[in-house]
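Participant: Take a look at what Swiss-Prot says about it:
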TRANSMEM  3-23  transmembrane segment
TRANSMEM  29-49  transmembrane segment
TRANSMEM  60-80  transmembrane segment
TRANSMEM  85-105  transmembrane segment
TRANSMEM  108-128  transmembrane segment
TRANSMEM  153-173  transmembrane segment
TRANSMEM  183-203  transmembrane segment
TRANSMEM  222-242  transmembrane segment
TRANSMEM  268-288  transmembrane segment
TRANSMEM  297-317  transmembrane segment
TRANSMEM  332-352  transmembrane segment
TRANSMEM  357-377  transmembrane segment
Amino acid sequence: MDHLVFEVGTALVLVAIASVIANKIKFSIIPFLIVLGMLVGPHAPKMGIIDLTFIQSSEIIEFFGRMGVLFLLFYLGLEFSVGKLIKSGKSIAVGGTIYILINFSLGLLYGFITGFSFLEVLILAGVITISSSAIVAKVLVDLKRTANPETELILGIIMFEDIFLAVYLSVVSGLILGDATSVGSALLSILIAFGYMLLFFIAARKLPPLLNKLLDIRSNEVFIIVIFAALFFIAGFSETIHVAEAIGALLLGLVFSETEHSDRIEHLVVPFRDFFGAMFFFSFGLSIDPFSLGEAVWLALGAVILTILGNFIAGMVAGRRAGLSHKASSNIGLTIVSRGEFSIIVANLGIAGGLSATLKPFAALYVLILAILGPLVTKESKRIYRLLNKVFKWKPEVQPAKKQG
């Protein structure tokens, strides 16, 4: 008997209950949904007609999750100005380079110290380096920090990470899977990623007058269909040229942010962002096998500590180089500390290449801890800054009059 709709309905009821509980105790919804996903899924018991394994509906739930990432990044793009990002181009390039160098170097060092082979070390370093754009976007929106002075640099670092990821995956997949053209593929990936982003920046500067006319649609029904058609087409096309679909959504949001319809788009997108965003974190939890985590506990805990320290240092250095205050700079590293879907993808590449089986449970546990801990660290960034300020005696600096979370 086909219970597909009932399975999806059951999943939504569980997500709703977890969301209500998180809201009641004024806690981030993200860890609740991830843990909920882990407790059910393929390893959960089947109780009569209530099937908590969600095997039949897994592809639909996973697709809901992918949509969540798109809406989260699209909304984040709507919150920014391309003009400001272009003006911050140098600081973004410098900040992104600093962030990648510090975290990737620490990952390499940790891999060698813990006894992995060269190729396994490259995989482990990749797992540790790439942050979760979906979680970062969700946290920035939830804590109302999109107007903060450091958020433009955070957004830039996320985009810079995508360029690094394209190059990294091309090179490492060539080394592990035996692709002899890995160097050429890496160079092509760089050119495509840079060119694609540049195209959207140009569009955001030149096309708003045309877009204002095209989007001058009175009917909300037709308007939202047009916006969603553009969103999914651009995201899907981005994937075909090996740029993350989430980055495509972010870039489209940046273009629409320059139009006079940006507020209307935001208003209509918010419910979809919240619903599908919740489904992303639930589906992410479903992908984690809780019974495989024990063998990598200490390895993951060490990596978590290293990541938090590395992120904080990288954020401070990048922020200060960009002229931000100590407080804003500390927020950078404490905001992009979460790890997620990209780390799992990197680990799976290593498994596909026949590397150590420990990589998968390590990545799962590492991501789980930081996906839960990351939003908490971001939320408590003010307290963390005050504590560190007592130790390092940073001079208090006055930020521009923007709302800080």
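Cβ from N, Cα, C; glycine included.
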Participant: Are there 3 or more C-beta pairs under 8 Å linking the transmembrane segment (357-377) with the transmembrane segment (85-105), counting only pairs at least 6 apart in sequence?
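Facilitator: When sequence-distant Cβ pairs are counted, the transmembrane segment (357-377) does not touch the transmembrane segment (85-105), since fewer than 3 lie under 8 Å.
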Participant: Report yes or no: does the transmembrane segment (153-173) come within contact of the transmembrane segment (332-352), defined as 3 or more CB pairs under 8 Å with a sequence separation of 6 or more?
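Facilitator: Contact criterion met.
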Participant: Are there 3 or more C-beta pairs under 8 Å linking the transmembrane segment (183-203) with the transmembrane segment (357-377), counting only pairs at least 6 apart in sequence?
Facilitator: no
Participant: With pairs closer than 6 in sequence left out, are the transmembrane segment (108-128) and the transmembrane segment (268-288) joined by 3 or more CB pairs under 8 Å?
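Facilitator: Between the transmembrane segment (108-128) and the transmembrane segment (268-288), which are separate recorded stretches, there is no contact, as judged by 3 or more close Cβ pairs.
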